[in-house]
Each structure stands twice: as C-alpha cells, then as structure tokens.
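K.L.:
One structure, pasted below without further comment.
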C-alpha cells in the first residue's frame, strides 16, 4: 500500500452521535483495521439524522462503508477480503485462520439467538433456548478440542487452552464471531437472565480473552447501546 493511500471507515454512531454504536459488522471491520496496524480515519455516522456525510459518494448505502483512496466499498465480507488481500505480508500481518473449521465455528449461534430473543410466544421460549444452547455447546466443543499445532507440541493434550478460535492469535474468524457472541451474552443476560452458562467454560474463556484484547475492547459499543437496540424487539416476560 502506498504511503499516500487514504483509508476511511464509516461506522454507525452511538446514541450520543459521536462514539461507536451497536453494529457488529462495523465492529468487525474496525477490528480488522486495528489488527492490520494501518493508519486510517474513523468516521461515526448518526443514522437517525440525514446522512449528509455519505450522500456524495455512497447514497443509500448501509454501514459500514470503506473509502479506499476515493474508491467506495460497501459489502462487509468483500471489504474484509479486500483488506486481507491488499494489506498483506510482509508489510501487514495476515489475519486468515490456519484452520478452515475456524471460519464456520459458531456461525449458527446468532440466528438461534435472534429466534429466541425476538420470540413473541412464551410457550416456545424453552425450545428456542435449547436450540441456542446446542449451538453454543458446539462452539464450546470446538474451542475445547486441541488443534493440530497444539497436538504437535503436546501429543497427549486432551483439552485446548487456546484463547481464540484458531489459536492464541486473533484472526478474521474472531472478528466475525465475537461481536455477535458478545451481543448474545449481553442481551440474554439482561432480558432473560440467561447469560452464556458458566458450564460452557471454553466459550466463557473465549469471551474473557476477547475482553482483554484491546482491539476488541476498544471497538465494543457500550452495553446500553446494545440493549437499547434490542429493547423494541424483545417481548416482556
């Protein structure tokens, strides 16, 4: 990347109109850029008001939006792929996971969570929660199973102690899953008094490890932002 290249990321603003708001896709790309270590400008956009800041180059587009030397990119997955391809070694770290399974671990959790938390029929709550719990348990099993490189170092290792999906390094897989997993834990704990269970110790360790990672902690919206976003969709119990 040329030294004069300009990178600008537009993300959803919080209720105060300035800090980072509730938008897992925005947090995902924000983390990618921080992990790459590339200079960029972050612009928070108040979506409740006229999007004057976007009208000249991305009218009608959904956030997040990347502006790369004047070139507009609006699809989150395509932006992520573009950044990984453009900002690669030796100048920037690769964030691609080593293991293909890391890319899909936990990918059904958010769908199960949405069905549970937005369910209008109380008698269906338990069945929907059990589906969410099974999805979380599958993630726990993946995080518990030693990866090949761990077994190469410790052939008799029975349980992984890694911090993240693919090892001890944050990857694109974590950038995708963790913002959503944090929402699941925050929203279920507040509205249903059902945080991710302590028995799923590897998932809890995973979340705790994320909160110790400055790139995740710094990009997280306040819990109040997340709860306010879900308040209209959650039926009281």
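Backbone N, Cα and C atoms are what each Cβ position is placed from, and that goes for glycine too.
Feature table excerpt (Swiss-Prot):
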- 1-89: region 'Required for insertion into the membrane' (REGION)
- 13-91: domain 'GST N-terminal' (DOMAIN)
- 23-26: motif 'G-site' (MOTIF)
- 23-26: disulfide bond (DISULFID)
- 25-45: transmembrane segment (TRANSMEM)
- 69-236: domain 'GST C-terminal' (DOMAIN)
- 160: phosphoserine (MOD_RES)
K.L.:
Could you tell me the mean pLDDT over the domain 'GST C-terminal' (69-236), as a whole number?
P.N.:
97
K.L.:
By a Cβ-Cβ criterion of under 8 Å, what residues six or more beyond either terminus of the transmembrane segment (25-45) are in contact with it?
P.N.:
1, 6-14, 17-19, 51, 53-54, 63-64, 66, 76, 79-80, 83-84, 87, 92-93, 95, 170, 172, 175-176, 179, 215-216, 218-221
K.L.:
Taking only the Cα atoms, work out how far residue 26 (disulfide bond) lies from residue 160 (phosphoserine), in Å, as a whole number.
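P.N.:
Cα-Cα distance, residue 26 (disulfide bond) to residue 160 (phosphoserine): 30 Å.
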K.L.:
To the nearest whole angstrom, what is the C-alpha distance linking residue 160 (phosphoserine) and residue 23 (disulfide bond)?
P.N.:
31
K.L.:
Determine, from DSSP, whether residue 26 (disulfide bond) sits in helix, strand or coil.
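P.N.:
Reduced to three states, the DSSP call for residue 26 (disulfide bond) is helix.
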K.L.:
Report the same-chain neighbours of residue 23 (disulfide bond): residues 6+ apart in sequence with Cβ closer than 8 Å to its Cβ, ordered by sequence.
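P.N.:
11, 12, 63, 64, 221 - these are the non-local Cβ neighbours of residue 23 (disulfide bond), listed in sequence order.
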K.L.:
Work out, from DSSP, the number of helix, strand and coil residues along the domain 'GST N-terminal' (13-91).
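P.N.:
Reading the DSSP string over the domain 'GST N-terminal' (13-91) gives 24 helix, 14 strand, 41 coil.
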K.L.:
Does DSSP give residue 160 (phosphoserine) helix, strand or coil?
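P.N.:
Residue 160 (phosphoserine) sits in coil per DSSP, no helix or strand.
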